[in-house]
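> One structure coming up, written as structure tokens, with questions to follow.
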Amino acid sequence: MGKRQHQKDKLYITCAEWTHLYGGKKPDGPKSDFRRLSFDRCSLSMLPFEHPMCTPDGIVFDFMNIFPWIKKYGTHPSTGEKLDIKSLIKLNFHKNADGKYSCPVLFNVFTDNSHIVAIKTTGNVFSYEAVDKLNIKGKNFLELITNEPFTRKDIITLQDPQHLDKFNLTNMHHIKHKLKIPDEEDEQARQKPDYHLKSTNQETRETLAELYREYKGDKLLASTAPLPNKKIADKFNEAHYSTGHTAAALMSTTYTPQTQSHRDVVDEDIVRFKYVQKKKKGYVRMQTNMGELNLELHCGMVPKTCENFILLCQKGYYDGTIFHRSIRNFMIQGGDPTGTGKG
């Protein structure tokens, strides 16, 4: 900010300075961040395609890129809507003698300013000029190469130089949300500790290499004490909190370093008793020398106690029990006639 009278630099921050220099809000323009992709490139990897496939709205992808994407996400990379493999259309591009993509009817070489369409039923790619003159204006809806019938709805626009909104890379869903194609090699590399080291000097690399060669801690642990079976969390026993191993490894030097958080596993009894119906009763029939007794169990109120009693009955634990006390309309007592607690 200026200190002299006739300086243009004011003693306060102007609107222009806020906008351009200090991170203020910039005006939104529909064409300010426009980025266009060439017609012969995959909209997912930005590289030239080898096995072109297109969606019903005319976005072109390479099959080797779109297949693992749909398998993992199940969405359209450009719009974020649901998409399946069956809705993809295989494209057949024609090349001239020079190896450039061209129209198989008019032999026009395709450029970034060409109007390119494809026929959905066959997948053949033509210039819009050929389809417009020979099919639409002539009302002859027969495919120009295979002579198969099609409708006007089967014409898919792959590139229209007059309407490039849907071909703007800035508006694509996977670029906005920074989603990437799943790579098995990259996921395996992420499991290694040195993957997260962005830059290391020569001394550090040599030290780590020597450590990996001579480290035998895992073998010693495996030979001394077997690891317990790790419980895997699923949709039934998955807790809403983590195991806390990541925080413990950060705060304590005795913990093995952990770089990933995992959901804790809820105890099996808590999960099972959670699904016991509150109003449902349990029933046990007891056979005595005086007749049969039908016992009603309140499983909804004390599920663990009822389960314990039913399992003991199933094992025959109460077979041959002698009842030594009977209180009318209240209870019968057996199993410890001496009252010593030893049976």
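Cβ coordinates come from backbone N, Cα and C, glycine included.
Got these off TrEMBL a minute ago, pasting:
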- 188-203: compositional bias 'Basic and acidic residues' (COMPBIAS)
- 35-108: domain 'U-box' (DOMAIN)
- 287-343: domain 'PPIase cyclophilin-type' (DOMAIN)
- 181-203: region 'Disordered' (REGION)
> Taking helix as H, G and I and strand as E and B in DSSP, count the residues of the domain 'U-box' (35-108) in helix, strand and coil.
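When I sort the residues of the domain 'U-box' (35-108) into the three classes, I find 13 helix, 18 strand, 43 coil.
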> Pop the mean pLDDT for the domain 'PPIase cyclophilin-type' (287-343) in here, whole number is fine.
84
